[in-house]
Amino acid sequence: MLDESKLDVELKLFAIRIPREMCKAVGRLLHGYLIDRPRISPITKDPANEKCRYIILSEKVQNPDLSDIPSEKIDELKKLFEVEVVPYSMTLGYSYWGADHVLKQILPPGLTAQSSFETIVKYHYYKCHIAHLNICQELLPYKDIIAKVIYDKNYPSIQTVVNKVGSITNEFRVPKFEVLAGKTDMTTEVKQCGATFKLDYGLVYWNSRLDHEHGRLISLFQAGETICDMFAGIGPFAIPAAKKGCLVYANDLNPDSVNYLKINAKINKVEDCVHTYNMDARKFIAQLMSVPTCETQYVAPFPGPLNELGEVPKEEDSGQTNGKVKEVSCSKSITLDSDRVVGMNEDATVTTLKRPSDVSEEEVGVCAASKASKGKNKRIKASVSVSTKPWEHVDHLIMNLPASALQFIDSFRGLIRRKYWKGSLPWIHCYCFMRSSETRESVISEAESALKASIKDPVFHRVRDVAPYKAMYCLSFKLPEEACIGVNWGTMSSHKLPPNNVVEMMLRNGINKVKLFEADHKVLEAFIGTNIEVVLGIPNGMLMEMSQDPGNAVSWVEYVAVGNDPLLRSYNGTYLPYILPALKNVQGALNNVGIGSQIKATIPSSADIYYAPASNPVPSAGDFRPDIRELMIDIIRHLHSSNAPFTVNIYPFLSLYDDDHFPIDKAFFDGSPKLVIRDGANVYTNVFDANFDTLVWSLTKAGYPDMKIIVGEIGWPTDGNKNANKKNARRFNQGLIQHALSGKGTPARKGVLIDVYLFSLIDENIKSIDPGYFERHWGIFQFDGKPKYKLDLSGWNDNNSFTAVKGVRYMDKRWCVLSPHLKKPKNLGTSMDYACSHSDCSALSYGSSCNHLSVKENASYAFNMYYQFQNQYITACNFSGLATLTDEDPSDDKCRFPVMIVEDSSILRTVFYILFAVLQGDRTVEFESIAERLKKTVASSVATTSSGRSITDRVGSAVANQSEFNKRASKIGFGIHQTSQKLSKLAKLAKRTSVFDDPTMEIQELTAVIKQDITALNSAVVDLQLVCNSQNNSGNISSDTTTHSTTVVDNLKNRLMSTTKEFKEVLTMRTENLKVHENRRQLFTSANSKEATNPFVRQRPLAAKSAAGTSNAPPPWANGSASSSQLFPRKQADGESQPLLHQQQDQQQQQLVPLQDTYMNSRAEALQNVESTIHELSNIFTQLATMVSQQGELAIRIDENMEDTLANVEGAQGQLVRYLNSISSNRWLMIKIFFVLIVFLMIFLFFVA
């Protein structure tokens, strides 16, 4: 407790009694000799005479004769009145002394008293009642005394004294306070920067010492600018900026701060200009700057104002009522995934005066400040005129969270969508703390690392010192121009990854740009809502169509890369007449729907469209090829007029591939400095810069030196060539990324960022191998979505590893290899040739990863690739007994024997393979193995599907599933009808019995087609049966629909069975005819029959499938062996038998049959193939019969189960009745016992009484 009496000090003084009217004159005369203490007047009343006053002398006047005062002054006094000196006592107590004096007196020696404090307003005359203390650890035992002194000495201006407890650790960055003196109400009002702020000091953050900084930053804003405050608090930046005429998007994580921000906007009459949000800052800026669906779908014309996330309000809320002005209440609530409350609650009132298209240039973006009119106290409420959305332009971004704002800078990476952005990039104002051990360079470096970009001309401003070795700074800089690395994604793979999984992988790895080669619906759907920029090419084959009809281009308004290297020399000018018209039509279609300024049409071209002459092979001599120069100028002129870039594909690897003497270091970006090309003052150390600048000079000579250039394709393969490996690929790609993003540019274009699309994202194992086997290995990811090597797409040497595609399912770990028991395998070359022509054996080529394998290991690799391409189909690992299955991985350190991934479509094929394998004979072990794999596949598929769909979604899709079922059933029925027509034609041809009029080739081709049709229809019926069973078991459809679906499937089965049976009969008839021909051959030929069978041919279908690689040259591992022999050799020409006509007359009878041994051998081959086909069709027929019988058995089991169920229900009912009876009997027993107890109680009471 404070003892105030200990602070009393008594002063023994002298006073002079003077007349009241002489106070001023005496005061002037004795100036310097009167008492001089704060808050004490030297003149006081005379208690004995009201007409007199006491004038109190100074403490230095110690003698009553006034000898301490000069005599001349005393003489002057005596002339005025009679001088009378009286003793005067004065006591200075607690109420007199200031806080400093009191605290020094009461605190122990050695402790520095704390009497200074922060009030939450600079202007003390304004209403404010809170004093904020930061009491140090040594003074904490005296905190209550300190608070009382401060409270007593500053009352009533200070009515509450608080002390900050601990450091700021909560997520809202609000200090925790304890009230030491005064009232506990911490709600107050403050005034700063011409704005009034209401706040609760215990719930929100406020610092009066930042008053000057708030004013400094606001002075940088101009009326009409758009401000985004990510950590707005109660609005110390947002409210004054809005009063200045800016449009403000203000966010804070603290809901109390947002509440007071709204209140303060209303108090200051700027609620139309301040749009408030309550979100995590990272999510806020991402959603605010993201382009909404209505923009990406290019809904035009724009119907009216957007709400705060740029979405078009509903028609009834749009604020457009017959052209009249209407108040629009825009409110949006978005729930985000977070444990804390970070939902976005936005509430703003917008007065729509004009549609954006009608807004004048003077009104653009201006949120007029409240204006004074007819006096200072009269205001005119402002209205908002919005013509740009936040994803189109923001002028300033404020990050006032010094403790951690630098950690949020990475949220600006990839934030700006350049095709929608208008004007210059925004200023970033980031507040931070800097200790004495840190430097400005270290802070800038941290910001650059977060942005993955270089900051130019940063501005550092020292705000204030917060501790002896800690200061607060504001780092301001223009958001750097960003050039992220894109990728090319081709889908020419035998087993494709799920598009959604691939897109998720791209997002996790920071891939924001992608170039596609085809308009795959599932792939395009996966990019919806991801903000990944997509460039999709129009195939070369459609250029003619696009060039002739502008209407055809409308459907491509979202996918605009016209052609793919249509100007290549190898095309021999095929597409030259169509390129420019197609380009104009596509761009015209974009313009017609109002998005031509956002999406551009361009033509990807290879580097062979320009050249440097052999006589002067330097970039400055570059020009376009003479044969296409005029066309190129026209194309460039059109691109320039539409502000579209020039797209070029550059492949330094091909320069190395085409020239064995090409210095390899010249292809990379870290090569030897000795390998340079000098072009005047420019020096080139790598082929990319030289190639790029050759194009720059070509454009310059065409009259367009500033044309923007995009490198559409560039990369390095990892296999298929001696120089194609992971080490070289990483070396090239990492060097390219660092070079492109460094901002250094090329010698001819210095200081620019280079837009680059790496080729490619994922390996494509069925891509054409022209010009080399490396064409299938350009990916930075393997076919299964696993990264091949580390690659930092930011160019900042982070040495980051890519994350793989998630959710990839693999087939069983089983490989098909050459049987180890074979010592001298026959027809090995033919089998390998067939396997590789239907799969990918590029890894076996010269210099590739598997080139070191032996001949037998080569065969194993080829067999396994074919086996994996066929989805591990059990009969795909046979090769006339050469191959066998193994569970032991045959891979080594260099060569990988892959196991393919599982596609959803492969499940149905596996079902068919199980049935087919079972019908081939006793293959119990194989059946169990495949069935187990199918079980795992289906279980994984169901788990993946069910995890992403709710019960409501599944029920809601029942109608769509039934519609899809009907479409598929109709398609199968039509297919059966077409097959029946082909079968009728085949029957007519098969009835011909003449050897000389035998359409063998036509019959063979038609037989193969019908066989393929029946196989496909059979698979489709199996698929439809599975769909039917799935729908019936789901319980989401009615019993009538179930009956209908089952009937449709059974009907299709019967029709297909009849068609198969008819086909078998036709083939039987054909077999009989061929046997007759064989007998005739034995009669009319004298030569011995050569071997007519090919053991490997039996493994192939009647007509071999077409494959991408069947027409290619034999691979280098074939060792000159003959390729697979033709299944049906052509008939020998008539001219080949002409010499027989010159023989003797007695031999002419035998020449009536102009057939040679080769021809008859082909008949025998055809006969055996037909018999093989009949055997396969018999199996299919048996399979269908088995399925029908299984359906019957299933129906019988259902009936039996129904009977058992009825019996169980009846038994349960009997048990319930018995239980009810037992309960009833127990009830009567209890009643009887109760009555007996009553009787005994009455008897007891009677005797007691």
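Please read every residue number as a count from 1 along the shown chain.
Cβ from N, Cα, C; glycine included.
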Identity of the S-adenosyl-L-methionine-site residue among Asn154, Asn163, Asn268, Asn400 (reference: His214, Asp252, Leu253, Asp280, Ala281, source: TrEMBL): Asn400
Maximum Cα-Cα separation (Å), residues His214, Asp252, Leu253, Asp280, Ala281, Asn400 listed as binding S-adenosyl-L-methionine: 23
Asp252, Asp280 as binding-site residues, winner by CB count within 10 A: Asp252
Cβ atoms near Ala281 (S-adenosyl-L-methionine binding site) (within 10 Å, other residues, all chains): 22
Stretch-averaged pLDDT - the domain 'SAM-dependent methyltransferase TRM5/TYW2-type' (117-481): 72
Surrounding CB atoms that lie within 10 Å of the CB of His214 (S-adenosyl-L-methionine binding site), all protein chains: 19
For Asn400 (S-adenosyl-L-methionine binding site), nearby residues of its own chain (Cβ under 8 Å, 6 or more apart in sequence): Asp229, Phe231, Ala232, Gly233, Phe237, His429, Tyr431
For Ala281 (S-adenosyl-L-methionine binding site): DSSP state (helix, strand, coil): helix
Cβ neighbours of Leu253 (S-adenosyl-L-methionine binding site) where a neighbour is any other Cβ within 10 Å: 23
